[in-house]
């Protein structure tokens, strides 16, 4: 295994987006893996040098991508201010040759199994774990903005890119990966790309004047736990990929469109699939939960459009919508009614106002530890979903001479009950959902007749 980098000679001090200042986000890395077939092993050295040169070009124009996230001014009752400051000359690249490792995946094995989650172990294919677990995660350890790992496997390679989540959301990470692919091809960056990458993060969300906290933040401020109550131990959970063909998605969208609420004129494929997942998980959870158990659907929303910011802005600019009901109501209502609930919260003006309210509240708060986008989600009955369907990773070739990726996956990390992701949508329209559920819910879901009509288990 080799890692390449050198100490930075640059000088910069970039305060993170106010929404990126949430303490939980500052300890997380978001990972994404792109898989390419390699027919000629003699290409590997050239691939490494191409990526190294691309990282140099990217860092010359945007030195902060090689920086680190550092929190300054921490004291009693103050979580400090997190910034990107210099770290190295280029983002660190780890090169790992797994071709002689019998436990490592091969391109043929991945293909035959449908690129399952279990074959993308973050401890093998990623340069750093998602969660701050294990060595290197102390308060004084560096948190690089960007980390990469190039894994050589028999017949192919897996390129994993880790982004520090306080510094970027997945849309921002995708913008950086796209520019890295351009840099590897020795293509120039446009003025628009340069301008978006260098936007002042402190002013992206204008603060509200004379703001008083209202119900718009109810789901985002953690309530103090009752004295003496220990939090329940997390349930034993597992991760799995499920895929949905374009035909299955079209049928789900048709079913939702036929049963829409009177208040809705339209739902997207993403709305219909999200609703189907909420309904299906609620249905299987009725086996262990009371019908009147509250359920909440927390759905990440890219705020670049509503805030009038470039779609390629690289920071963290997302919020969530929240939908409350009971397990039985969601399990039993028409699909279109559930999809309409999800669509109803996507009003741009309302989203913008809610995001400004959150930013304004956080700006005036010395101790931000009570703020979380999933502050009141109960993993036993709720869902927390991020859709990466629009992320462009299927298009990037990095000038490797290998064509476009054969698969794009998020590596497997510790199970986290009710956390879910939609992978970047395949060019043919197929969606893959990465779903974490407690074991008994997962087993019931895999056997559920309505679910298996549309979803294929990959593992």
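Every residue gets a Cβ built from N, Cα and C, even glycine.
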Which candidate from 279, 318, 356 does Swiss-Prot annotate alongside 253, 266, 267, 268, 269, 302, 343, 386, 390 at the CoA binding site?
318
By Cβ count within 10 Å, point out the most packed of the binding-site residues listed: 221, 267.
267
Three-state secondary structure, which DSSP defines for residue 218 (Ca(2+) binding site):
coil
Distance from residue 318 (CoA binding site) back to residue 449 (Ca(2+) binding site), taken between C-alpha atoms, in Å:
35
By Cα geometry, the one of the binding-site residues (218, 221, 376) nearest residue 386 (CoA binding site) is 376
Cα-to-Cα gap, residue 376 (Ca(2+) binding site) vs residue 318 (CoA binding site), nearest whole Å
18
